[in-house]
Amino acid sequence: MDGSRRASVSDLRGGDNSPPIGDDTLVASDNGNTDSLPKNGNMVHEKPIDPMASRIDGGVEYKSMVWWQAGMVMVAETISLGILSLPAAMATLGIVPGLVLLVCLGAMASYTGFVIGQFKRQYPHIHSMACAGGVLFGKWGNWVFGWGQFLFYVFIMGSHILTFSIMMNAISDHAACTVIWMVIGTIMSLVFTLPRTLKHLSYYSVASFLSIIGAVMITMIGVSITKPGAGPDGVLHVRLWPKPDLSFKDGFNAVSNMVFAYAGHVAFFTFISELRNPRDFPKALAFLQCSDISMYIITSVVVYYYAGANVASPALDSASTVVKKIAYGVAIPTIVIAGVVNGHVGAKFLYVRLLHNREDDLMHQKTWKSYGVWFAIVSISWLGAWVIAEAVPVFNHLLGLTSALFASWFTFGLSGMFWMHMNLNGKWTYDQAFLFVLNCVNIVVAAILFGVGTYASISAMVETEATNKPFSCANNAGGH
């Protein structure tokens, strides 16, 4: 097969202290389609099927994470900005619908993440959504999914730059133009994105995890003391159900923000590809989902209960001035590092796409040329994220638009398609029929979130355009 990439059948042991498991059973073409190796057992030592596997001695070893490191990176990527918008979403929807949505979306995200792991097991050459799109739809699927995931990463990176500027304005009492804070946040994020392996980022991710826990704990304690949601009579006023005059677009924006809180799936293929033993992915996924569902429920209910209907987004703005500054200070690692994880995975997609077919295996070399290519890709990615952060200066609306355009499909819809691809031609049972219906629901939910959510987000942005200008020096911190 001309132009295909083949793998040797070595290093199949796996485990934390063993060589990385080899992906040796498939041959992948550039569009992601696969064929079996010849059955006569002859070895064909050409390009490895897995672009993360090094073909040179002493090269960069990407497949180096153990499961807890992958779990930490997944937590850092997922539990960050999303959790900061949930109390406001809870205030919009009411506690009962909000809790039902958080639990149901969490269960759906757990299942769709598991399906991604199954798809990776069946097609070991996949290292990004682009490759998965190639398996489903050929070259055009590879192209659409690939650039769609890259745009999603850039939008998330932009959200972190925007949050960095909000944080700096809150801490410094708007001591500098907001554009300057965004530039500083962009440069900091770029520097932390420079390591080429996720194993290095896993250590940052521990700090990010502790950071977001500390920040939300400080906020919850702060609002429980000051009770900003209490009326003149001292009684706390919270709604179990949506307010009667809730507009459709506001309600759907709140739903989109909840979807965004679970939107880590776009990077799962890359995380699995850099595991020493890809079969450990379910453990990392379980760690993520237990962490995010429990934290989301506790944070959204507690902060909304004490802050009331006027709870801010990001949620840290709901606390008093002093507590808010402390919480933002503690949140600095997660605001920066969670964006860095997304920036790293987005840059890795372009890096692999540009270099994986080179005969000299440049992406695994430790040379100025390979570092230069990585630095250029990282720089361009963060520049694009800065432009988006400046162009969409409202936190809630940027999260809502990002969720509607991308998270709807990458978190729910595409996993349904992956399941269909793996199972439609298999033997059908009652369990298979149930899973078929479940995955059809995932696809329909994604389509609704995409269409209606995009309309709601754009409508909300148009309404606030008069007060929130792009590329503005104005203070964007809540409560100023």
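Here, residue 1 is simply the first one shown, and the rest follow in order.
Note: Cβ is positioned from N, Cα and C throughout, glycine not excepted.
Listed in TrEMBL:
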- 28-39: compositional bias 'Polar residues' (COMPBIAS)
- 67-458: domain 'Amino acid transporter transmembrane' (DOMAIN)
- 1-44: region 'Disordered' (REGION)
- 65-89: transmembrane segment (TRANSMEM)
- 95-116: transmembrane segment (TRANSMEM)
- 178-194: transmembrane segment (TRANSMEM)
- 201-225: transmembrane segment (TRANSMEM)
- 251-272: transmembrane segment (TRANSMEM)
- 284-306: transmembrane segment (TRANSMEM)
- 326-351: transmembrane segment (TRANSMEM)
- 371-389: transmembrane segment (TRANSMEM)
- 401-421: transmembrane segment (TRANSMEM)
- 433-458: transmembrane segment (TRANSMEM)
Under a criterion of three or more Cβ pairs within a distance under 8 Å and sequence separation of at least 6, are the transmembrane segment (251-272) and the transmembrane segment (284-306) in contact?
yes
Counting Cβ pairs under 8 Å to the transmembrane segment (65-89), which of 95-116, 178-194, 201-225, 284-306, 401-421 comes out on top?
284-306
Go through the chain and flag residues at least 6 beyond the ends of the transmembrane segment (284-306) whose CB is under 8 A from any CB in it; none is fine as an answer.
67-68, 70-71, 74-75, 78-79, 82-83, 86-91, 95, 98-99, 102-103, 106, 109-110, 113-114, 117, 209, 212-213, 216, 219-220, 223-224, 226-229, 236, 238, 261-262, 264, 268, 271, 275, 315, 318
Ranked first among 178-194, 201-225, 401-421, 433-458 for CB pairs under 8 angstroms with the transmembrane segment (371-389):
178-194
Most CB pairs under 8 Å with the transmembrane segment (95-116): which of 178-194, 201-225, 401-421, 433-458?
401-421
Below 8 angstroms Cβ to Cβ, which residues of this chain, lying six or more residues outside the transmembrane segment (433-458), approach it?
108, 111-112, 115, 248-250, 252-253, 255-256, 259, 397, 400-401, 403-405, 407-409, 411-417, 419-420, 423
